[in-house]
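K.L.:
Have a look at this one before I ask anything.
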């Protein structure tokens, strides 16, 4: 499909790839994602098929004793508004197209439609009909003959009309939710079983889907470090000494902290591979991100902008973000108080129950802001009681810019790391990370990322800080005082990175679906569910709330 789209060029936007049109017979939703949202997700099956295609195309013209074969022939149809690439044209007494498939031989109607559509496009240029073609199945090393009958040609035209109707309607077809979904490269994006379950139309999903991002992060925070390229590997050097050597295939995000340098060849390589680079200050402030071209899912961003200006929708979403945050704060306090039996924590738990109920009934954003602020203050009023008393860490309340104590220094740093993750999840799905619903849109502020991270603050960032303190991972020697503030030093940051990464990879049981998956995957899932709400696939956003 990629070759077809490239061949179409910018001046032929109404021409549809033949392979995409044929996909409608197998899964209309797949067609929508690829053509409307610009999805280009791959899995092992697609990558293997592309590798086989590259090998075939190494020789574009092959002459045998009895036949001539020409490979990768671009064809188009002005009548049907189609454009495609025929894998091979063979002439052996007659001319016929050949389509290559990776798997074993089988009778697939959508494969027949694809081959026939390519033939019909070629016929416009030849001025004569082609009676048949072949599909070669690499898994069986066998061909299947396809006759271009009147019924098959009519099906091609009907399928094209159906494709155009889907594009004009701009509505996502319903998920299939059957065996055809298994092995589909778009299943982690589509979430067919989860979507049908939330709509009350299917059974509870039995297994988690792999995320589009395996979550492997390269952190570089040594002042003066230099990130350079060596082939398809990244090197981190200090004064010409190699500190780290990693293959690019093992890296899905890069985080640079403070005075770290990166070469232009590395930047180009990361952009080509779709690997974002985030920049943080040594104090943990999120400075920005270098990432590939904007996600092509413009329909989602239009829905996002429309929801922002719809006061009812915006309030509905903001309620859920606040309820999710306050509920997880309350659960965190309850969990710790099982052993502490602290009356002040018990009081905070009771008060927060009231704030959560009030948030669910709030009729204005301003009242939600007030409830979120009151609930957070109550939570942090007793947060210091969760720290083991014999440890030399004291927490008397939140402070920032600059943080004045080690606990606030760690909280701020973990919030920056969480912001980075939620911003990446929002961008991956196709959102504008800077336009939120609860947080106001301000210049340079990733408001939607802040919205999405609210429910994860207490169960991810705060949890990392408490565990690092109570387990003795960090000590007083991991901090330094400068310019009136308290900051993590190099050793302290390294410890927090490790602790945060362990949390991202930690498996947790999904409260709605019941399967286990890592937090990093939950971040992406929540962003995708929000997208489905805005595109009217789901009725309401459900925050991720632990038990």
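Here the Cβ of each residue, glycine as well, is placed from N, Cα and C on the backbone.
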K.L.:
Return the residue out of 361, 454, 455 that TrEMBL annotates for the same Mn(2+) site as 372, 439.
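P.N.:
Between 361, 454, 455, TrEMBL records just one in the Mn(2+) site with 372, 439, namely 454.
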K.L.:
Taking DSSP as the reference, which of helix, strand or coil describes residue 372 (Mn(2+) binding site)?
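P.N.:
Where residue 372 (Mn(2+) binding site) sits, the three-state DSSP reduction gives helix.
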K.L.:
Counting across all protein chains present, how many other Cβ atoms fall within 10 Å of the Cβ of residue 454 (Mn(2+) binding site)?
P.N.:
24
K.L.:
Around residue 439 (Mn(2+) binding site), how many other C-beta atoms are within 10 angstroms of its C-beta?
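P.N.:
Residue 439 (Mn(2+) binding site): 20 neighbouring Cβ atoms within 10 Å.
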K.L.:
Centre the Cβ atoms of 372, 439, 454, go out 8 Å, and tell me which other residues of that chain have a Cβ in range of the Mn(2+) site.
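P.N.:
Apart from the listed residues, the neighbours are 318, 321, 322, 325, 369, 438, 450, 451.
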K.L.:
Would you identify the secondary structure of residue 454 (Mn(2+) binding site) according to DSSP, in three states?
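P.N.:
SS state of residue 454 (Mn(2+) binding site) = helix.
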K.L.:
Under 8 Å Cβ-Cβ from residue 372 (Mn(2+) binding site), six or more apart in the same chain: what's there?
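P.N.:
322, 325, 326, 359, 438, 454 - these are the non-local Cβ neighbours of residue 372 (Mn(2+) binding site), listed in sequence order.
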